[in-house]
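Pulled from TrEMBL:
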DOMAIN    35-116  domain 'Manganese/iron superoxide dismutase N-terminal'
BINDING   His60, His108, Asp197, His201  Mn(2+) binding site
DOMAIN    126-229  domain 'Manganese/iron superoxide dismutase C-terminal'
Amino acid sequence: MALRTLITRKTLGLGLQSEARNLGFGFRHARELQTFSLPDLPYDYSALEPVISGEIMQLHHQKHHQAYITNYNKALEQLEEAMAKGDSSTVVKLQSAIKFNGGGHINHSVFWKNLSPIHEGGGEPPKGSLGWAIDTNFGSLEALVKNINTEGAALQGSGWVWLGLDKEMKKLVVETTANQDPLVTKGANLVPLLGIDVWEHAYYLQYKNVRPDYLKNIWKVLNWKYASEVYEKECP
């Protein structure tokens, strides 16, 4: 990902530090404030059609994801100033903005990699160790898809539905998170394999208010190859 580095102390207590490290976000110590930037997509905006329109993808990437990054960088700059002044009240006030916008950046950076055009393997079922793990933990891929779709459709308001790996228990789990909370907020040992954005901005222009149709169709462009690579790395 085209991400830059961030000072370690910025995200203490938010779960974002460990998440950034686990996802390979180029995390390191630094003396000067660094910023995050919008990652390039590995495909054209229209490449996921007809499942997800090019218009949705462009707005989602250029407007929504960029807004999270802009606000994240701004909050981190304000945090740096507050910490330099010893202004603990402002530091505390900034935590929610950092969690929301930083989480939005982390989640979307995973989401783009979770998608792939059909002609490049999008929608092809998982094989190898991840395929076996899905059968072991859920009974079948079909059962997993039904589980995720049910959880995603039932999530009130905005948020995400995830297929994650519990590294401690060495098992797969389905979780939902509200707003832009990353999966790590549900447990320090959880690693995201697949994350589906169920905010309306991810589908409304095409699917209107029928979230179940969006969830049903998105499996046609999900990138199981990426999920398998993450699984094999984290659970050898």
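Backbone N, Cα and C atoms are what each Cβ position is placed from, and that goes for glycine too.
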- Non-site residues, in chain order, whose CB comes within 8 A of the mean position of the CB atoms of His60, His108, Asp197, His201 at Mn(2+): His61, His64, His65, Phe111, Trp199, Ala202
- What DSSP reports for the domain 'Manganese/iron superoxide dismutase C-terminal' (126-229) is 53 helix, 25 strand, 26 coil
- Item | Candidate with sparsest Cβ neighbourhood (10 Å radius) among His108, His201, the listed binding-site residues | His201
- Query: If you run through the domain 'Manganese/iron superoxide dismutase N-terminal' (35-116) with DSSP, how many residues end up as helix, strand and coil?
  - Reply: 62 helix, 1 strand, 19 coil
- Task: Using all protein chains in view, find how many other C-beta atoms are within 10 Å of the C-beta of His60 (Mn(2+) binding site).
- Result: 23
